Amino acid sequence: MSQTHFGFQQVDEQEKAGKVAGVFHSVASKYDVMNDLMSGGLHRVWKMFTIAQAAVRPGYKVLDIAGGTGDLAKAFARQAGPTGEVWLTDINESMLRVGRDRLLDAGVLTPTALCDAEHIPFPNAYFDVVTVAFGLRNMTHKDRALAEMRRVVKPGGKVMVLEFSKVWQPLEKAYDVYSFKVLPWLGSKVAGDPESYRYLAESIRMHPDQETLKQMMEQAGLDSVEYFNLTAGVVALHVGRRL
């Protein structure tokens, strides 16, 4: 059986899916609070930048993969309006439930679905925009997921990946201390779960850097791939098009 990484561990591919699911079942109820604490609220700025780059218009069809608690889907649904179609999807039932409830509380009615990004249950060339924010690094076969995103986006449409990336080199040591000391401590104090947040820090380090992810998106069949470094490369937004 093929091996893959779960944080810094090597595990069977089938085992990884269960382990990742366990992490997000555990953190779902505290996910938004922890995001604010871990990023100092910057995750909201990164998402606002992504929303601006997506440039969703009335009538657009948008797929938000690994949409979690629904920040992007909520904004897209308001932009696409009643003639549009915005799907909030996630492979994790606990995260999807939190996201669906948050959308309802905000008065946003949009469809939700459990969705494995490696097997997206939508037809070819269906969406104008496909997004995944802070989800790609948890996927076992990133190449398959990217190919599926390319498949379901329309010609001329965008595939957008917002993800933690390779930080500017002078900041690496400080960033390591924060990631491997502060994050697990916050996870313990706020969520009672240091191990899940240790995994999140490790998964960031194992994720491809900016140029490698750009090449992966190109290999998946996307064109005109570019990326934007945010907060000194702590996060990068990659954007590719299907021509």
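Residue numbers in this text run from 1 along the chain shown.
From the backbone N, Cα and C atoms, a Cβ is placed for every residue, glycine too.
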Swiss-Prot S-adenosyl-L-methionine site partner of Asp90, Asp116, Ala117, selected from Thr50, Thr69, Thr83: Thr69
Cβ contacts of Thr69 (S-adenosyl-L-methionine binding site) (under 8 Å, same chain, 6 or more positions away): Tyr31, Asp32, Met95, Val98, Gly99, Arg102
Nonlocal residues around Asp116 (S-adenosyl-L-methionine binding site), in sequence order (Cβ under 8 Å, 6 or more apart): Ile91
